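Among the features that Swiss-Prot reports, active site, charge relay system is placed at Lys162, Glu464, with the record citing sequence analysis. The feature active site, proton acceptor is assigned by Swiss-Prot to Glu252. According to Swiss-Prot, the active site, nucleophile annotation covers Cys286, on the basis of sequence analysis. If you look up Swiss-Prot, you'll see Ser26, Ile27, Asp93, Val180 marked as K(+) 1 binding site, on the strength of sequence analysis. Taken from Swiss-Prot, the feature NAD(+) binding site covers Gly150, Ala151, Trp152, Lys176, Pro177, Ser178, Glu179, Gly230, Val231, Ala232, Thr233, Gly254, Cys286, Glu387. Annotated cysteine sulfenic acid (-SOH) per Swiss-Prot: Cys286, in sequence order. The feature site 'Seems to be a necessary countercharge to the potassium cations' is assigned by Swiss-Prot to Asp248.
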Amino acid sequence: MARFPRQQLYIHGAYVDASSNQTFESINPANGEVLAEVAEAGAADLERAVESAEQGQRIWAALTGIERARIMRRAVDLLRERNDELALLETLDTGKPLSETRSVDIITGADVLEYYAGLAPAIEGEQIPLRDSSFVYTRREPLGVVAGIGAWNYPIQIALWKAAPALAAGNAMIFKPSEVTPLSALRLAEIFSEAGLPDGVFNVLTGSGAGVGALITEHPRIAKVSFTGGVATGKKVMASAAGSSLKDVTMELGGKSPLIVCEDADLDRAADIAVMANFFSSGQVCTNGTRVFIPAGLKASFEAKLLERVQRVRLGDPQQEATNFGPLVSFAHMDKVLDYIAQGKAAGARILCGGERVTEGEYARGAFVAPTIFSDCSDDMSIVREEIFGPVLSLLEYQGEDEAIRRANDTEYGLAAGVVTPDLARAHRIIHRLEAGICWINTWGESPAQMPVGGYKQSGIGRENGIASLAHYTRVKSVQVELGEFASVF
């Protein structure tokens, strides 16, 4: 029997059944428990959601920026009041430790919503003088109905990252959470309604990416799609968005990010950063620094420091306060990660720790994989070239700065990168040569609301967060005004 009642769709401020009456299961990856039967949305449900969103958007866009900001801030307050309740739901659905979801997921999502609430009244156009009798002014107008398609690793945070700038600009959003972790987006929709968001301005359709997800990208009355997920799926989304109605797209896709440890680095600090950049959230973070470059002469010392820190990993029941490392998000994903680990072993990489599923006692019921470090890696190995999205660190030795930069850039991805060195001139020199959209110096992983997030190359298009994101949810209308006589050539 499922822990929660059957989960419906959320359309026009209320829960409704899916037209097909079909469902799928949401599973707790820590123990295999069925959390809920969840409605599978189809074409008729999407049409209903679009019509609802169009109605709600007209009301929402007619409000002033200050009025929209007040409602958004009420939602922020509700999110913070219910932080622990939402964190537990997120832990059950994702397998992430409660210590993590309580301190990161809802808090950082609420921060982004508050940030864009502050920007909503500041959306403005320009006045451009042409001559004494004429000028141009511009208006930043909402796109209308937009869509967000979320990933499974940060369900409510990603929903807020996409909804916040869209709502600030006066749009309505249809959001599809990942079918792997669908529960918290529905609670977010309830909170938005309670805060006073007009019906239809935030609708949630649960279901598969291949099903309702594909229908969303094709719908001619949806003006934009913001997608977070893998590169292969992102390419399909972009092709469908362009082929249907030339939709605008924002995409945050995969990564295989390099972390360069310089020869003058504090190795204790570098080891702390490397472990956080690979094992936080059980390695299921898009920006993880999975390719760690270390000077050849420091490799043995650095390996020892990494192993010291792995001893501090407390794998366990995600609901226990002491746990800081939970299961992977699903059993299917666990199998994928284990396959990559097997490929690494077969290719000749040397295992320093982990490299296997954890099956002792109660862990046999969950999707637990031990933190894994490979050394003696080469750039042509699949564990070095392909995104694993799990707790797998690949250690690569290098001889000089130019070599490290060249090899760091030798990838189809360009999401994130980092460097560890006390020499700030060197740090900036290296960072400026790295082909990545998000970079860190002597730290890793923080993505505050003010910081634009997005990738180079095949890691994405556009940006989320920061002022830059707001422009992706508006369109510019130019208006010329003539105060003098009109001179016709006819």
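The chain as shown is numbered from 1 upward.
Placement of Cβ uses the backbone N, Cα and C atoms for every residue, glycine included.
Overlay of Swiss-Prot feature records on the structure.
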| residue | record | DSSP class |
| --- | --- | --- |
| Gly150 | NAD(+) binding site | coil |
| Lys162 | active site, charge relay system | helix |
| Glu179 | NAD(+) binding site | coil |
| Thr233 | NAD(+) binding site | helix |
| Asp248 | site 'Seems to be a necessary countercharge to the potassium cations' | strand |
| Cys286 | active site, nucleophile | coil |
| Glu464 | active site, charge relay system | strand |
Candidate with sparsest Cβ neighbourhood (10 Å radius) among Asp93, Glu179, Glu252, the listed recorded positions: Glu179
Spatial neighbour of Val180 (K(+) 1 binding site) that is closest, considering only the recorded positions Gly150, Trp152, Lys162, Val231, Cys286 and their CA atoms: Trp152
Recorded positions near Glu464 (active site, charge relay system), in sequence order, restricted to Ser26, Asp93, Trp152, Lys162, Thr233, Glu252 and a 10 Å Cα cut-off: Lys162, Glu252
Candidates Glu179, Thr233, Asp248, Glu252, Cys286 (recorded positions) - the one closest to Asp93 (K(+) 1 binding site) by CA: Glu179
Which of Val231, Cys286, all recorded positions, has a Cβ with the fewest other Cβ atoms inside 10 Å: Val231
Of Asp248, Glu464 (the recorded positions), the residue whose Cβ has the fewest other Cβ atoms within 10 Å: Asp248
Pairwise CA distance, Glu179 (NAD(+) binding site) versus Ser26 (K(+) 1 binding site), rounded so that it is a whole Å: 8
Collapsed DSSP category at Asp93 (K(+) 1 binding site): helix
Residue among recorded positions Gly150, Trp152, Glu252 with Cα closest to the Cα of the residue listed as 'active site, nucleophile': Glu252
Distance [Cα-Cα, Å, rounded] between Ile27 (K(+) 1 binding site) and Trp152 (NAD(+) binding site): 12
Euclidean distance between Cα atoms of the residue listed as 'active site, proton acceptor' and Trp152 (NAD(+) binding site), Å: 13
